[in-house]
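*Asks:* Dropping the structure in here first, questions after.
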Amino acid sequence: MPSEAKKRRRAQEPIPPKPYVKPELPASHEAQGAFSFEVGTRLEGHHGRTGVIHTPHGDIKTPAFIVVGTKATVKAVTPEQVAATGAQAMLSNAYHLYLQPGHELLDRAGGLSTFTNWQGPTYTDSGGFQVMSLGSGFKKVIDMNSVDTSGPDDAVAPGKERLANVDDDGVWFKSHLNGDKHRFTPEVSMQVQHGIGADVMFAFDELTTLHNSRGYQEEALERTRRWAERCILEHFRLTDEREGKDYQALFGVIQGAQYEDLRRQACRDLASMPFDGFGLGGALEKENLGTIVGWCAEELPEDKPRHLLGISEPDDVFWAIENGADTFDCVSPTRVARNSAFYTDHGRFNLAGRRYKEDFTPLMEGCECYTCTHYTRAYVHHLYKADELLSHTLISIHNIAFTVRLVDRAREAIENGTFFELKEKVLGDYYAKQGDPQGR
Ligand SMILES: [Zn+2]
């Protein structure tokens, strides 16, 4: 006779919620001293600032771009090559590493940094993103940037099967690798992330889309708040149990979509919990990105770092920094590189274009990255056209170096009091061809 739990597992049925009792959260944990944030220069009249995040695997000067290595690798680039671009930290995905090779293996290997030979701070996101991307937004066919709440809350992209189902206790996932069913809860997410061993972890949250109704956003936000409490309790329990390991910081994740009152409420709720920092998550309309980051910066404590999940376009970077984001991550620099797109001060171009066939200049004049100091557009164009893997490596190195350098320049400009001059110059040059797509 299969047990009740097994039957539910087979059916991916919601687990009936236990009655909610607000837990008593401790004010802090003594191990939290191993992680800290120092504010440096402030951007006058705005929430932007420079700072330093101290982690057991080294410091991060902020604002900083965190490179994404979803499956414990920045695609096509070695950790040493990533470090040579000036990147200070790497973010991997807890859900992917849980499925393959498994967080227990990473734990036995000595954690993410040792396993990958990445000599610096590491982050893992919680797996919460997959709640959305494998659920209502599966295959990202549902647009994340527009606000249309007319459809049903459980909409799935046309022709796709939903691979994640949310209930108040957690989420059922169906593995995209082999169809196996897996249960993620706040506790499981914490166990997985402790096993992976990154310096910064994120609380398990429910990411909604801009298409969800206001009612559903409220429901999801309350669920995320309760999950945050459970994450803290499990995180502190694991920190005690794993005494002697490096302290892993935990960031709460602010949701609330495009609604000011929900974002502010989420900030106040999570700011009252003993998190080490905060992630600003969820779907953001591009034109409101700076405003939303600003609401959060007003509500969140000054002395804790704020990470904006998933941006890297130059205009987004400047608006986010100005409004108080300290770090951000994005897959774009390496993802677009594999399609031959490269960044320059004058916009993004495509190396597959015929005009690069005999262009013996570097990807970007004046760029000091490994690719630009050794190779020409013509060579990389040839590699791409010949389906040679080295094109992915060389363009990725340049795109990471470009993005890291962009954020470094913004940091230096805050220190020198020239942030707004730099912003105007960089965005003016970058969008001159196509005009600022945000009309700002
Ligand atoms: Zn370069």
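Glycine too: its Cβ is placed from the backbone N, Cα and C atoms.
Automated prediction, rather than curation, is the source of TrEMBL annotations.
What you see is a predicted model, and the numbers here were worked out from it, not measured in a lab.
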*Asks:* Kindly point out which candidate in H307, H346, H392, H398 is recorded by TrEMBL as part of the Zn(2+) site with C367, C369, C372.
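*Replies:* Between H307, H346, H392, H398, TrEMBL records just one in the Zn(2+) site with C367, C369, C372, namely H398.
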*Asks:* Kindly point out which candidate in Q88, Q248, Q255 is recorded by TrEMBL as part of the substrate site with D125, S126, G127, G128, F129, D205, G282.
*Replies:* Q255
*Asks:* Looking at 1-25, 176-200, which one does TrEMBL call region 'Disordered'?
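*Replies:* Within the set 1-25, 176-200, TrEMBL attaches region 'Disordered' to 1-25.
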*Asks:* For the C-alpha pair, I'd like the distance in angstrom between D329 (active site, nucleophile) and G127 (substrate binding site), rounded off.
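*Replies:* Here the two Cα atoms are 15 Å apart.
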*Asks:* Distance between H398 (Zn(2+) binding site) and D205 (substrate binding site) at the Cα atoms, whole Å?
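*Replies:* The separation of the Cα atoms works out to 33 Å.
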*Asks:* If the criterion is a C-beta within less than 6 angstroms of any ligand 1 atom, which of the recorded positions D125, S126, Q255, C367, H398 pass it? List them in sequence order.
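*Replies:* From D125, S126, Q255, C367, H398, counting a Cβ under 6 Å from ligand 1 as near, the near ones are C367, H398.
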*Asks:* Go through G127, G282, our binding-site residues, and report the one whose Cβ sees the most other Cβ atoms within 10 Å.
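*Replies:* Going through G127, G282 one by one, the largest Cβ count within 10 Å is at G282.
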*Asks:* Fill in the CA-CA distance, D125 (active site, proton acceptor) to G282 (substrate binding site), as an integer in Å.
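*Replies:* So the alpha carbons of D125 (active site, proton acceptor) and G282 (substrate binding site) sit roughly 13 Å from each other.
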*Asks:* Round to the nearest Å and give the CA-to-CA distance linking G128 (substrate binding site) with C369 (Zn(2+) binding site).
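*Replies:* Computed Cα spacing between G128 (substrate binding site) and C369 (Zn(2+) binding site) is 34 Å.
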*Asks:* What counts of helix, strand and coil residues does DSSP assign across the region 'RNA binding' (334-338)?
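*Replies:* Breakdown, helix to coil: 4 helix, 0 strand, 1 coil.
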